[in-house]
Amino acid sequence: MYTLGHGLWHHLTRKFDFFIVIVGLDNAGKTTFLEQTKMKFTRGYQMLNPLKITSTVGLNIGKIEIGAVRLNFWDLGGQEELHSLWHKYFEDSHALVFVIDACDTSEGIYRCSIRIILQTSERVMDSEKVQQMPILVVCNKSDVDECANTESIRKLIVDERHLGDLAIVPVSALQGLNVERCIRWLFTALTRNSNL
């Protein structure tokens, strides 16, 4: 009887794990986005002071739980020398999040971010698994005037080989604007396409 009860308890309390890669250029707001995510979905979590967040060297890891689902985030450093390592994480992930700085249109930084997204996607888009993955593009710093709008960014990004869900969301990671919307979209896309 104990074994049956233990098995039932284990089945009812198990978590379904999904792994999500967060990539983008240096200072796009990837870590701030992850910190806001953890604060909004983890009771009692104290977010790091945004003024003390520095460039990620290597990898930050974060986890949140929504019901029986655990979302595991890999926040990869945005320095140019690390871009060649990004694709190694893609095959082991279930979704991709690209964070771009959409407010710096004068320097064309968001266009550069999009070019890097496309180049990175190009390397891995031949993988059938990646073609099916949900992709979320976080247009960060959308609370700043003169931001690029999501429709202009969508036109630059859409890749006909990508068959999975795609969302492009204006966000202010610093203010927490639309962070919850992004995570809810990821949760829905991941659980809809799985065998939960």
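Cβ from N, Cα, C; glycine included.
Record features, source TrEMBL:
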{"type": "BINDING", "residues": "Gly24, Leu25, Asp26, Asn27, Ala28, Gly29, Lys30, Thr31, Gly78, Asn140, Lys141, Ser142, Asp143", "note": "GTP binding site"}
{"type": "BINDING", "residues": "Thr31, Thr56", "note": "Mg(2+) binding site"}
According to DSSP, collapsed to three classes, what secondary structure does Asp143 (GTP binding site) have?
coil
Ten-angstrom check, please: count other Cβ atoms within 10 Å of the Cβ of Lys141 (GTP binding site), all chains counted.
25
With Cβ-Cβ distance below 8 Å and at least 6 positions apart along the chain, what are the contacts of Asp143 (GTP binding site)? List them in sequence order.
Ser172, Leu174, Gln175, Leu177
How many Å separate the Cα atoms of Thr31 (Mg(2+) binding site) and Gly78 (GTP binding site)?
10
Drop a 10 Å sphere on every Cβ of the binding-site residues Thr31, Thr56 and tell me which sphere holds the fewest other Cβ atoms.
Thr56
Just to be sure I understand the packing, how many Cβ atoms besides its own are within 10 Å of the Cβ of Asp26 (GTP binding site)?
13
Within 10 Å of Thr56 (Mg(2+) binding site) by C-alpha distance: pick out those among the binding-site residues Asp26, Ala28, Lys141, and say none if nothing qualifies.
Asp26
Given a separation of at least six residues and a C-beta threshold under 8 Å, show me what packs close to Gly78 (GTP binding site) in the same chain.
Val23, Gly24, Leu25, Asp26, Asn27, Ala28, Lys30, Ser55, Thr56
